[in-house]
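To keep things clear, I will list the structure first and then write my remarks on it.
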Amino acid sequence: VTMTEFGDFISALGEFGLYQKLLVLFLSLPQLLIPFQMIGQMFMVVDVPHHCNTSWIRAIGPNLTEEEPLNLTLPRDADGAYEQCSMYSPVDRDLGSIVAYGLNATEKCSSGWVYPSAQPPSLLTEFDLVCDRKDLNDISQSIYMLGLLLGAVIFGPLSDRIGRRPVFLISNLLQGLFGVGIAFVPHFYVYMAFRCVVGASVSGILITALALAAEWVGVSSRPKAVLISLCFFSIGQMVLAGLSYGIRNWRLLEIAGSAPVFVLFFYIWVLPESARWLVTKGRIEEAKKVIQKAASINKRPIPPGLLEQ
């Protein structure tokens, strides 16, 4: 069966009947969650004021007020605010001489940083993405993009070999598992590794959803199908903005953006394989079955002669 002849089947089925509309809806639902993976990190790295941890002075002067240790141990910048990335080097002197003569030598933060205690945990405060470690935030976004590239390289050819349907299902499963897994990571390097896998799975979802929609929908209705899925992506962005406003804990936000994919497990039973792909692989009987099912849902008879071809 040549692909031009296959176009006759789609014409007989209806270019964009009920069957294709349901299929596009099912393929578009996961797009609601993709913005959480694509741009969610922007909402998880909330910039907060911070300064070096200088609790060493407490051992010398346990009765100091809250502000006094900062005055004694932190240099000020040009605007008179405490430096965020440097501190005076600890010394082995008594409190009286420190107060009288002050401290001179400065160094980078050596004992971590202190953040406002009222802040809910964000990626920045939990993994200290400040000062020298600030670049890790950008690096992790780049590693996510690397995941997208790897996903395209791996899942594109794989969907040609084993089919659109299994790759779409595997990609959704990976996104759910590793997306929820991100919420429990103990180290930022583990976070970046998991983000890479999530990036690859997002590529798998996008590639196979596009292929499945394009191979089931008539040529004239393809722009419509793509537009619908992009609308779901845009709605997902709005949902992300609303949820990130309400959920300030980055781990809970990650779960909220990844766990719903497990609701789609019923796809195992309802998602069809591409009839076009089945034909190219010579699996004609399976192709006939899915075409007849599509025809019955669209309430369009397939001419027997066409099916025998």
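Positions of Cβ are set from backbone N, Cα and C atoms, glycine also.
Copied over from TrEMBL, here are the features:
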type	residues	note
DOMAIN	97-309	domain 'Major facilitator superfamily (MFS) profile'
TRANSMEM	142-159	transmembrane segment
TRANSMEM	166-186	transmembrane segment
TRANSMEM	192-213	transmembrane segment
TRANSMEM	225-247	transmembrane segment
TRANSMEM	259-279	transmembrane segment
Same-chain residues at least 6 beyond the ends of the transmembrane segment (259-279) whose Cβ lies under 8 Å from its Cβ atoms: 1, 3, 6, 9, 23, 26, 29-30, 32-33, 160, 163-165, 168-169, 172-173, 175-176, 179-180, 211-212, 215-216, 286-287, 290-291, 293-294
Contact check, the transmembrane segment (166-186) vs the transmembrane segment (225-247), 3+ Cβ pairs under 8 Å, seq sep 6+: no
